[in-house]
Amino acid sequence: MGFSFRIANKSFDFLIFVILSTLLTTIHASIHIYQIQLFNEVGNAYLLPGGSEGLYASLSSDDSATDGRSFIRFENITFWRTQDAADEQSEMEHSSGLIQAVIFEAADRNNIGGSAYGGQRSICCTPDLAKLEGCKQGEVIRIPSATEINWPMVLSIQFNGNDLSTQMNNAEVSIKKTGMHNLFFIACDPKLKGTVMSGKTVWKNPDGYLPGRMAPLMTFYVYMAIAYLLLSAIWFSQYMRFWEDILQLQHCIAAVIGLGLFEMILWYLDYSNFNKTGMRPVVTTAWVVTVGAIKKTLSRLLILSVSMGYGVVRPTLGGLTSKVLLIGATYFVASELLDITEHVGTINDVSGRARLFLGLPDAFLDAFLILWIFTSLSKTLEQLQVSCNSLLSDLMIGDVTFLLCDNHAYFIQAKRISVKLDIYRKFSNALAVAVIASVAWITYEIYFKATDPFNERWQSAWIITAFWDILSFALLCVICYLWAPSQSSQRYAYSEDVGEEFDDEEAQSLTRGQSNGDVSLVKQEQKNGNAGISDEEDESEEDKRE
């Protein structure tokens with residue numbers, strides 16, 4: 001009795017360990033490889049987590065079929081105990097150490113282990129639990145599932161005599177029920193402390209080796225690639241049609257569209273290879289996440305540059321260029337590290353809390369960029385509004401200069417700034433909607449992960465990843481719509497001829513609403529005899545475009 005309570009007091013909660021232990025195993029995709037891994041002491045047991053994946057039920061009941069089956073296969077699983085533990089056994093003993101492989105669904109996690117007199121749960125059967133639960137002392141406590149008497153599945157492996165190692169027979173467990181499946185190797189014998197294991201297990205779904213929570217993403221990336229392809233076709237048709245009028249900003253937009261299409265294709269190819277082979281080559285996956293990190297970085301720098309008025313109300317970023325490049329490089333490194341940790345070489349279904357921790361630098365930089373973007377956008381809007389109001393004020397006053405000559409060019413200038421102001425207002429509204437949606441989704445994501453520690457909602461987990469790609473694509477579509485290539489592109493670009501001048505600092509006014517600029521416009525009209533006619537034609541073109 002005292003021994004049982006002593007064991008209970010030493011035990012960790014088994015359910016909590018299920019969450020933490022999966023973070024200790026290096027998993028190479030759906031082929032889980034174990035390389036001389038040590039069993040960890042957990043309560044009254046020694047335990048090694050073998051993996052956790054969402055698996056769908058087999059579509060075929062024929063064990064000889066190669067397709068439509070879902071299974072967990074054990075290959076070349078070998079255990080080594082310490083030399084001291086082996087020396088304590090007699091050479092003639094048939095069973096001198098027991099190790100059990102336990103497979104169970106997350107929904108049946110309470111069917112593993114038991115509690116004596118309401119104390120903490122114990123994984124292995126103790127004398128008291130043997131009397132209460134009817135379990136066999138020295139083995140894992142297993143309570144049959146209400147729906148399947150042979151589930152959870154327990155496979156036993158024994159050491160013989162004083163052998164230093166033992167090998168598990170290659171076995172294959174067919175999955176007959178859809179769920180989040182967990183595998184643990186458990187030793188209840190205290191003499192097996194220090195035992196290590198090597199080998200591999202192969203986890204397969206009916207449609208391939210892709211884990212259940214990732215399978216929908218392969219189809220999703222096909223649709224996203226088609227969406228980027230359509231956007232590319234529309235954008236580049238306009239891009240080539242109005243090549244001579246293309247702005248520098250539109251070159252940047254074209255680059256982001258191309259990278260987005262390339263990234264979606266690479267993700268699909270990576271997932272397709274993963275699904276066929278069960279492995280994710282490190283080099284291939286590293287290339288995919290690197291392209292994704294570059295695209296995300298350029299997308300954010302594009303939005304920041306647009307917010308600063310680059311190419312539209314200022315010719316360059318001036319003194320801010322180095323700062324923009326620095327934040328871009330920092331964001332790329334943070335994003336690359338996060339994606340490499342999450343995708344390259346490893347896969348783990350119970351990774352929500354770890355991902356939140358690893359994503360903190362990335363989230364901090366995103367928040368900083370959002371603040372900088374809205375600050376810059378606010379200044380750009382303010383400068384455009386001041387310039388527009390200044391022009392309208394001058395027109396209403398009726399300067400002597402305008403009474404003596406044709407002031408049509410002045411109206412064109414006012415119209416251009418008014419159109420720019422309208423574009424930036426629409427852009428700011430789209431950004432505000434995107435930020436609100438992001439904050440709402442982050443809140444939901446935290447709630448989703450916090451309330452589902454065992455990933456029982458794994459079938460809908462792919463939506464968490466897919467949302468960010470959809471939001472990024474939607475915002476890119478808005479930018480493409482607002483700054484689409486056209487014959488009027490250059491009319492709304494930065495132009496010194498209409499008095500739009502910027503210093504390196506953003507605090508300066510967008511335009512110089514002074515009479516000197518007005519006179520220069522009048523002189524320019526007088527030099528170009530047909531300027532009035534061309535301006536009227538341009539204005540009609542603008543009206544059609546609007």
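Cβ coordinates are placed from backbone N, Cα and C, and glycine is handled just like the others.
Keep in mind it's a predicted model, so treat the numbers as computed, not measured.
What TrEMBL records for 508-518 is compositional bias 'Polar residues'.
Sequence annotations record features per position, and here TrEMBL assigns compositional bias 'Acidic residues' to 534-546.
Look at TrEMBL and you will find 216-490 tagged as domain 'GOST seven transmembrane'.
The region 'Disordered' annotation in TrEMBL covers 503-546.
Taken from TrEMBL, the feature transmembrane segment applies to 220-237 (among others). Counting only same-chain residues 6+ beyond the ends of the transmembrane segment (220-237), those with a CB under 8 A from a CB of the stretch are 253-254, 257-258, 260-261, 264-265, 267-268, 271, 462, 466, 469-470, 473, 476-477, 480, 484-485.
Listed by sequence, the residues of this chain that lie at least six past the ends of the transmembrane segment (249-269) yet keep a Cβ under 8 A from its Cβ atoms are 217-218, 221-222, 224-225, 228-229, 231-232, 235-236, 239, 284, 287-288, 291-292, 294-295, 298-299, 302, 305-306, 310-312, 469, 472-473, 476, 479-480, 483, 485, 489. Feature annotation from TrEMBL assigns transmembrane segment to 249-269 (among others).
The transmembrane segment annotation in TrEMBL covers 354-374 (among others).
The transmembrane segment annotation in TrEMBL covers 430-448 (among others).
Marked as transmembrane segment by TrEMBL: 460-484 (among others).
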Under an 8 Å Cβ to Cβ limit, what residues of the same chain, 6 or more beyond the ends of the transmembrane segment (460-484), are close to it?
213-217, 220, 224, 227-228, 231, 234-235, 238, 247, 249-250, 253, 256-257, 260, 264, 296, 299, 302-303, 306, 312, 423, 426-427, 430-431, 434, 437-438, 441, 445, 448
